[in-house]
Amino acid sequence: MTASSRPAEYRDVRTANLNTITFDNLFDKDEAELKRLIESCEKDGFFYLDLKSAASQKFWNDLYTIDSTTKDWFKQPIEKKLQTPTVSLAHGFKAVGNQSGSIESKKDGFEALKIGKSELDGRWALPDVVSDNLPLFDQFASSCHFISKLLLDCLSDGLNLKGDARFETHHRDDCRSKSTLYFLHYPPGAQDPNKVGQNMHTDIGTLTILYAPQWGLQVFSPADGAWEYVEPRPNQIIVNVGDTLRFLSGKRFKSALHRVLPLGGIQIEDRYSISYFLRASDSTEFKDSDEDESNAKQWYTKKYAMYEMPHVIQKQQTTLSGGMAQELQATF
């Protein structure tokens with residue numbers, strides 16, 4: 001997308017210079033593409049994944065259909081959405097304003113529908129929108145999981161990991177995890193300017209698959225401490241490294257520090273995005289950002305609680321950013 005083709009208000013904003021990885025080149029482990037993948041995880045923890053080949057068309061068709069379906073779901077009255085079966089932090093509904101927002105002292109400006117992969121596979125406590133469209137949600141979750149696992153396999157190969165040291169051993173499909181489909185809606189916020197965006201953070205898990213066709217996502221630049229917008233691109237999704245992969249890689253990979261902040265600090269239109277969070281098996285052990293012994297489930301619970309803490313407490317601890325804010329000297 002050229003600057004002239006951007007929305008007028010974003011025409012002159014600074015954008016992140018992220019690598020693009022071609023997914024088809026990873027199937028046969030193209031050496032040059034593996035090298036670029038490793039470099040992307042080491043340097044930025046964020047990259048574009050090109051999915052424009054004919055083989056990816058089913059993925060895009062499903063994504064556009066599920067995007068339309070969940071947009072309709074978000075149009076329901078809040079009273080109806082609050083009745084969504086919520087059985088864990090990874091499965092259910094999150095209302096606007098439950099967490100700290102992207103501007104200090106303000107709350108977040110998004111609501112979310114969370115569909116845990118374990119719950120989806122087990123047909124457990126599924127909201128009607130999922131039950132009524134089960135083949136669609138099944139197929140889309142499977143596609144996202146496949147993409148994530150192939151990337152993980154390539155990262156293990158790129159680091160020449162063997163046996164139990166390979167990242168896939170911590171992501172077995174027969175073990176429970178907090179892997180989740182995540183549908184986000186940022187409603188127009190002019191009526192409540194105290195609820196804005198999504199706070200600076202790193203993701204909890206291993207890899208995030210993100211479809212964000214509208215502007216608003218920012219990443220932190222370690223080069224000069226500036227926040228840069230991530231440009232939406234056609235036929236490409238965004239992938240970012242989460243805390244667990246950073247810890248499992250001995251902090252060789254960076255978990256990307258990011259946030260969602262509309263220009264001017266007010267969301268002027270409905271904004272939607274779709275994520276799939278690949279997370280390690282609950283029992284996966286590692287040393288966290290404070291070098292304390294932890295596991296994937298404990299880190300998930302600890303970090304999710306931190307999302308809801310006031311900014312003043314978040315600043316005092318490493319949990320919100322997995323230690324990246326302290327390492328990069330990032331501020332709200």
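Residue positions begin at 1 at the first shown residue.
Glycine is no exception: its Cβ is also placed from the backbone N, Cα and C atoms.
As annotated by Swiss-Prot, domain 'Fe2OG dioxygenase' applies to 176-280.
The Fe cation binding site annotation in Swiss-Prot covers His201, Asp203, His258, and the record cites sequence analysis as its basis. Long-range Cβ neighbours of Asp203 (Fe cation binding site) (same chain, at least 6 residues apart, Cβ-Cβ under 8 Å): Asn240, Val241, Gly242, Asp243, Ser255, Ala256, Phe277.
Following the DSSP three-state reduction, the secondary structure of Arg271 (2-oxoglutarate binding site) is strand. The Cβ neighbour count for Arg271 (2-oxoglutarate binding site), using a 10 Å radius over every protein chain in view, is 23. The 2-oxoglutarate binding site feature in Swiss-Prot is assigned to Arg271; the stated evidence is sequence analysis.
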The domain 'Fe2OG dioxygenase' (176-280), counted residue by residue under DSSP: helix, strand, coil: 9 helix, 42 strand, 54 coil
Fewest-neighbour residue among binding-site residues, criterion Cβ within 10 Å, set His201, His258: His201
Rounded Cα separation (Å) that holds between Arg271 (2-oxoglutarate binding site) and His258 (Fe cation binding site): 17
